[in-house]
Amino acid sequence: MIYLLITIFSIISITIFLLIKYHSLQTYVNIYDPSKYVFWLVVFLSFCTACSLSLTELFFPVNKLVIFSIKNLILFIMLWSSLIIPYIGLFIVTHQLLTQFFYSPRISPSPKFFWQSFFLILMIGLVYWIIFFPANMSADSFETWEEIKNNYITDYHSIAYTFIQKILIKIWDTPAIISLVQLIMFSWIMAVWMNFFYQQGLSGKFIKSLFGAIVAMPNTGIMIVTLWKDIPFTIVILGLVYFMLNFILYPRYRTKTYILVNIGILFGLSTVFRINGIVISFIGILILLCFAFVHRSFKIFWLPLFACMLVLLLNYGMLYRVLNVHKSSVTNNRNNMIFMPINTAYLYGVQDHLHPNVRKFAQTINEGIWKNYGTSFVNNFFWEVREASPESLATLEKGVASKKQYFEYYWQLWAGSPLIHFRTRLNFWDPFWNSQTQMFLTPFIGMPKSAGIISRFDNPIINKIRNIFGRLNDINLIIFPLWMNTLFLIFCSIYWIIYGDWKNLIILFPWVVNNFLLFWVSPSTDYRYFWMGIFLGVISIPLTLMQNKRVS
């Protein structure tokens, strides 16, 4: 049936194409003119729609091991062909209207527009803040909260984020103050970006509609009020790429002290909020070093480096002493297993290729657990074992004694069956491609009284809304239906390279570094790890429009 429907749509598409060709497509739009960006966005939108299923599963089906599916590829091509021509037809009809909507005359800096943007994002976010009052919290959030309340801080979570929470609850003793400050800071950085694009001549209506729609989506709104270090980390990254973009685009900013200091501070903050920030900072400082050599101004290099090192010194030196930070009680064995990026279904399928000790671990798990788990979703081996059987967990922890042994096992996996392990990593990496990612909602609706947390609003309407979110989450409907930010980022990157706007690529370096690390070494799939891509994808669209406006 699906082939029949796609064939019918393909025939309709060919007919529409012939009609458009007959009336001369070139009359409406020169598809090779770089200013006609909307055409290429529409073409790519059809690709995004055709990719509504996981790209990993398209080429590597769930029940097979690394088998390229020609059938699926043909199906995909037919599906795309049935979509692309109607999309182009829609583009031709709406092109002039969209062009008028996107652009407005270039204007001077507007504090008024900044504050309008700030309060727009804030008001949208406050809806989620009220619904999830005092905050959406995970097990990690509760651990941090209890550490603060017990005045016993460990290094298991970000010390900087813990310190910020400790200060804020002195103002208002509830997680609500933390989620509110996150929302305010997020609204601020969004307004900074929105005002930046407005000053470049893009329509204020377009900017507000684009950013407002993304923030209103549950995947964004819920995350903003969730107490995770990934939220301030993402805010820092958005600030970092803002200053880096100004640094690259406008030579007059390259020796401005406040620009360089801000870049350095944000490098440092990205590191103290998440450990992978240290690689982002390292790559960023190398980029600045290259500019320093080219422009023969080493202020470009040493000033951000000094600011970054100062932040790190304050965090790992003074802050550790002020908070009297203790070593985490989590055992080395558990840490090693948390680092182990092994797909349970993968282990079950390739036990013969494994190191004998790892094979012994794999065989401790009931066969039904492996099969039920499937290969379509990848999670950490440790967490699956912990939930399945405490006895199996004990067996595992006895077998892994050191990080050195972990690395030996890790490389053994690649050496034993590299293609299957690569398939496993692709599955794990699925949120990179697939926008239909299940959103996290805390199961702790009734918060523990022992933590001293003020309970949620006991309001029938609020509870009803919260329950709806919970049901939608259970059936995986809290999604971005067509917003596949990775595909838009790739499209915009190719566009920038082809048309000489290569400087825009600077906004992607934290995203590229982050995803590279996630693919190779991260232990578990979690939507929050990929969250920065949502906003970089949003930024890439007006940035492309801005460059077209500037060039024209």
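Any Cβ shown, glycine's included, is placed from N, Cα and C.
Heads up, TrEMBL stuff is auto-annotated, nobody curated it.
According to TrEMBL, the protein has these features:
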- 6-25: transmembrane segment (TRANSMEM)
- 37-60: transmembrane segment (TRANSMEM)
- 72-93: transmembrane segment (TRANSMEM)
- 113-135: transmembrane segment (TRANSMEM)
- 176-198: transmembrane segment (TRANSMEM)
- 210-228: transmembrane segment (TRANSMEM)
- 234-253: transmembrane segment (TRANSMEM)
- 265-294: transmembrane segment (TRANSMEM)
- 300-319: transmembrane segment (TRANSMEM)
- 475-498: transmembrane segment (TRANSMEM)
- 504-522: transmembrane segment (TRANSMEM)
- 529-546: transmembrane segment (TRANSMEM)
Applying the under-8 angstroms CB criterion, which one of 176-198, 265-294, 300-319, 504-522 scores highest with the transmembrane segment (210-228)?
176-198
Sequence-remote partners of the transmembrane segment (504-522) [C-beta within less than 8 Å, at least six residues beyond its ends]:
237, 240-241, 244-245, 247-248, 270, 276, 279-280, 283-284, 287, 339, 341, 425, 428-429, 432, 489, 492-493, 496-497, 529-530, 532-533, 536, 539-540, 543-544, 547
Sequence-remote contacts (6 or more beyond its ends) of the transmembrane segment (234-253), Cβ cut-off under 8 Å?
182, 185-186, 189-190, 192-193, 196, 259-260, 262-263, 266-267, 269-270, 273, 277, 280, 284, 503-504, 506-507, 509-510, 531-532, 535-536, 539, 543
